[in-house]
Amino acid sequence: MSDVTTAEFNEEGKYLRKVRSFVLREGRLTKGQATAMEEQWPLMGLDYSPEPLDLAEIFGREADTVLEIGFGMGASLVEMAKASPELNFIGIEVHKPGVGACLSVAAEAGVTNLRVFHHDAIEVLENSIVPSSLARVQLFFPDPWHKKRHHKRRIVQPEFAQTIRNSLKLGGVFHLATDWENYSEHMLEVMNAAPGYKNQSTTGDVVERPDHRPLTKFEARGHRLGHGVWDIMFERID
């Protein structure tokens, strides 16, 4: 049994926090994932604590830091870390096999500028990240909760937008991506109303996929089938 924080939101986008204790039905780790957790966690893992992180101490240097929420199996995150050795990267994922997979790929790639949390992202952002310390926050392909009655479960809500804003430096960017058009419209509605942000799109809506976000195999297949992907980037200006 594990205590896992799950977030729901009311009509105003306020957190309705619930802590539930339940068996995580996430499947067993593969042998490779388990080995990576054992061998690489001491090197790249960050144990959650409600104390602010000292990023310079964690990475052994001063550098702009990018944080990704929900990195899945970690392939894209590792690719970004390898392509930008001048940046520090932090990933957050609640799915343990995904954390194990990410650590395995990171070790194979030889990246040294990546650290990961196996924890709830909102708790990490609120308690472990020093305010105004991040250069970019990434939220790629979050659960769309496509049924209308489930929209309150979508992570992109007004209070969440302010949590992200508090973590970003002035000039820092919140980068979102989704393959659900309705969710992209929801994201834009929330972010356009959020104080302290400016849309980086010259047309006031979405942007072209920037070079720093790798094209996933799933996304490439979607393009071939005519499916859309929407990238949204908002800069903290206040």
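Keep in mind that glycine also has a Cβ here, set from the backbone N, Cα and C atoms.
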Among Asp54, Asp64, Asp120, Asp179, which is the one Swiss-Prot gives for the substrate site where Lys147, Thr216, Lys217, Phe218, Glu219 also bind?
Asp179
Which value in Å gives the longest Cα to Cα span across the S-adenosyl-L-methionine site residues Glu68, Glu93, Asp120, Asp143 as recorded?
15
Between the Cα atoms of Glu93 (S-adenosyl-L-methionine binding site) and Thr216 (substrate binding site), find the distance and write it as a whole number of Å.
18
Distance, Glu68 (S-adenosyl-L-methionine binding site) to Thr216 (substrate binding site) (CA atoms, angstrom):
15
Through the lens of DSSP with three states only, how would you label Glu68 (S-adenosyl-L-methionine binding site)?
strand
Other than Glu68, Glu93, Asp120, Asp143, which residues of the chain come within 8 Å of the S-adenosyl-L-methionine site, judged by Cβ distance to the Cβ centroid of those residues?
Ile69, Gly70, Phe71, Ile92, Val94, His95, Ala121, Pro142
With a 10 Å radius around each C-beta, find which of these recorded positions (Asp143, Asp179) has the fewest other C-beta atoms nearby.
Asp143
